[in-house]
Number of protein chains: 2
Amino acid sequence: IAKEVAKLLEMKAQLGGDEGKHKFVLKTPKGTRDYSPKQMAIRERVFNAIITCFKRHGAEVIDTPVFELKETLMGKYGEDSKLIYDLKDQGGELLSLRYDLTVPFARYLAMNKITNIKRYHIAKVYRRDNPAMTRGRYREFYQCDFDIAGQFDPMIPDAECLKIVHEILSDLQLGDFLIKVNDRRILDGMFAVCGVPDSKFRTICSSVDKLDKMPWEEVRSEMVGEKGLSPEAADRIGEYVQLHGGLDLIEQLLQDPRLSQNKLAKEGLGDMKLLFEYLTLFGITGKISFDLSLARGLDYYTGVIFEAVLLQQENDHVEEPVSVGSVAGGGRYDGLVGMFDPKGRKVPCVGVSIGIERIFSILEQRVEASEEKIRTTETQVLVASAQKKLLEERLKLISELWDAGIKAEVLYKKNPKLLNQLQYCEETGIPLVAIVGEQELKDGVVKLRVVATREEVSVRRESLVEEIRMRTSR
Amino acid sequence: IAKEVAKLLEMKAQLGGDEGKHKFVLKTPKGTRDYSPKQMAIRERVFNAIITCFKRHGAEVIDTPVFELKETLMGKYGEDSKLIYDLKDQGGELLSLRYDLTVPFARYLAMNKITNIKRYHIAKVYRRDNPAMTRGRYREFYQCDFDIAGQFDPMIPDAECLKIVHEILSDLQLGDFLIKVNDRRILDGMFAVCGVPDSKFRTICSSVDKLDKMPWEEVRSEMVGEKGLSPEAADRIGEYVQLHGGLDLIEQLLQDPRLSQNKLAKEGLGDMKLLFEYLTLFGITGKISFDLSLARGLDYYTGVIFEAVLLQQENDHVEEPVSVGSVAGGGRYDGLVGMFDPKGRKVPCVGVSIGIERIFSILEQRVEASEEKIRTTETQVLVASAQKKLLEERLKLISELWDAGIKAEVLYKKNPKLLNQLQYCEETGIPLVAIVGEQELKDGVVKLRVVATREEVSVRRESLVEEIRMRTSR
């Protein structure tokens, strides 16, 4: 049936193209969207804030292709691999759209034998997930990644990643937030002392990862029912995953009779303590929570993991702040580059990914609500005329302005009415109008009008550029 | 066989993922590439020049998804449709990667019922072409498009598009260039008076389009041999397509006994005359050539078409400047939006696309040749220490700097040698070093070192931010 449906869809697509216009479905693919100029203006603001932060931390920037060899992506994402978009086999290589920016980054490092880099990468990634577009969940979405690769002293780069998340979320003024932190080694140690068999670590970790969306009871029954974990082991896990706190909790777990006997957990807890010391120096521990229920879905993490959530607090009736979803996440993945190296040479990495789409949804809703008027162009001046037959003069003047670097527009009409030209400025927020008329041409001047105040001054043509610059500089 | 190969490749890909690291082919897909930080630095320069120009002309910006419904792309590209990348049918919609930014733009206009917009769009497009990467021809490449949609008085937006090409190519200092201009109506009129049957217009147009890569003799034999045109018609075309010039040629053709009898050609020539008048006002006719051999490959053009080529002139032995390839192109496409509108309502459009990859190749080669050192970060200051055990103090200081908006880095080592820290600045171009030492901490100062001159000054800690800002502002 699937084959037949595919055949029919293919035929339909071909007919659509050949037979004519009226059969087109006018839409973007499921889970994707266009950005209008207004949305782009908001998007650029957010990008600017993020890029400024990444550059403040000394990052370089790279770019990679939107698709990779299919084999590059295989075996990196665990249960999520089914969400990868494959390209049709049209002869040649088997390709897939990138699922994140981390695996392409690791491939880039291994391919170019780079052992040391701090880079950011902002680009779209693709997941055949169930879209929830009102909540900012798309099939095509941006990731803004910052990663530090290299062999360094422990937890310094890790702490910087958390500092970056803190800076960006503060800068964007999204309201209160919390950054949850855990460590894969602590999780694995915990699984071991709770009696989870080694072979079930990853799948039980996936279950724990669902705790932010499901209550413990459901997660427990998935562990026991679907994944065959013993009820006793599940209950022991249940006790640990409700713990969260700060340095005090780390100290407490370092004394925990079971965990303290486990090598991995001890290593993880030791590093977590060091991390908190650095975060204290950065002055950001107030928004950091060491949280044993944080697991992160992806297979490739090996050490510290973290996730930032926004806290709902606008509604006063809500007693406790409620998480409204993750806006950033990341962690340490020391083994990923080695998977691509022919000799398995490892390059330790830690990085953070900012979930721009959700942030963007929030800001867009805020702009809508505030009725703030957002300009979508930067035009400084409209070149206009009060009389007819002055198109040539308008074109001559605007050409002079463009060549001097002034942002200028002209209406594409031979004889536009002055009123229409002024109205265009009001609508689009152009602050100045340069009006040419027969008298002005004779006198060698241009009338410059300030749209907001309706003030008009006569400016000598040779001083016009300077005058416009002065009046439009902040 | 093809099917078997596909099956084997699929199996190979799966094995690659499951069996282990050593079988990976470490490469990007055919015809694609990564951008290193250095390449990105050059790329951003070019993008900035282009975006600045687009904004100077009052353009808004939009974005669309990287893939479209397959049916959206069908029937738009003529013979080039075979180069479209399809996605695998994984259930749901049939999707294809965008082939250009023009068809998605037309889809966007029709879908949102926009009849009037001036926008730019910079994004990657995909073509399963034969890559020639040294010459800047890729399967994944950027297009930088500027388009004006709307019903306006003739040739004003068209002239602005040519002005934009002129501004960008001048600004990027790529050497001498020539913008060839023609009109699809003139071509169609010419085909008609030469005796080409209506049904062969598009395919003969495709042959003419090859004149920049093939000599006339080969194009002629394609027309006669493959496409079944009469030798007489071909020879008549051969006479016209060698013509190129300016206003004089337009006047001459308006008097041409055959062309002047053809309605389409007359319309096209009349508009071409008007276009040249506007280009004269813009002062750019020196680099514009009305060229009857220019055809452009794509189906959707309906009026003016143009293409900019760089002229080779560095070698003095070459008598006449030789074209080294197209770096921009575009034209008028008044019917495309109507193909998407359920009622066929038309929105006239004209636009230009800048061929960034070729420009980028040229600039990259130029940077290589000049040994110009390009910085890939913007870091203003490295926070360093002269003695051991000062990691905490370095982290405290850098945190203060970050919070004040200073671009700062620190080496991720507990006890780095001062020499290594200074060397890092030399290598990466960081201009300043803020050195903390025990004595400085006691005195409440920081030693600020200028890397280039080795000058060192003591700065009070509370003045450090101001001092760094002053010293790094241009």
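Heads up, the Cβ atoms here are built off N, Cα and C, so glycines get one too.
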Out of B:Arg127, B:Arg128, B:Arg135, which one does TrEMBL list together with B:Asp100, B:Leu101, B:Thr102, B:Gln143, B:Asp147, B:Arg296, B:Tyr300, B:Tyr301 for L-histidine?
B:Arg127
Just to confirm my parser: what is the rounded mean pLDDT across the domain 'Aminoacyl-transfer RNA synthetases class-II family profile' (B:31-363)?
92
Can you check which residues sit near B:Asp100 (L-histidine binding site), meaning Cβ under 8 Å from its Cβ, same chain, 6 or more apart in sequence, and list them in order?
B:Tyr77, B:Val125, B:Gln143, B:Asp145, B:Leu298, B:Ser353
Rank the binding-site residues B:Gln143, B:Arg296 by the number of other Cβ atoms within 10 Å of each Cβ and report the first-ranked residue.
B:Arg296
Give the helix, strand or coil assignment DSSP yields for B:Arg296 (L-histidine binding site).
coil
DSSP secondary structure for B:Asp100 (L-histidine binding site), reduced to helix/strand/coil, please.
coil
Around B:Tyr301 (L-histidine binding site), which residues of its chain at least 6 apart sit with Cβ under 8 Å of its Cβ?
B:Arg184, B:Gly331, B:Arg332, B:Tyr333
Taking the residues the record says bind L-histidine (B:Asp100, B:Leu101, B:Thr102, B:Arg127, B:Gln143, B:Asp147, B:Arg296, B:Tyr300, B:Tyr301), how far apart in Å are the two Cα atoms that sit farthest from each other?
21
Do any residues at least six apart in sequence from B:Thr102 (L-histidine binding site), in the same chain, have a Cβ closer than 8 Å to its Cβ, and if so which, in order?
B:Asp145, B:Asp147, B:Tyr300, B:Tyr333, B:Leu336, B:Gly351, B:Ser353
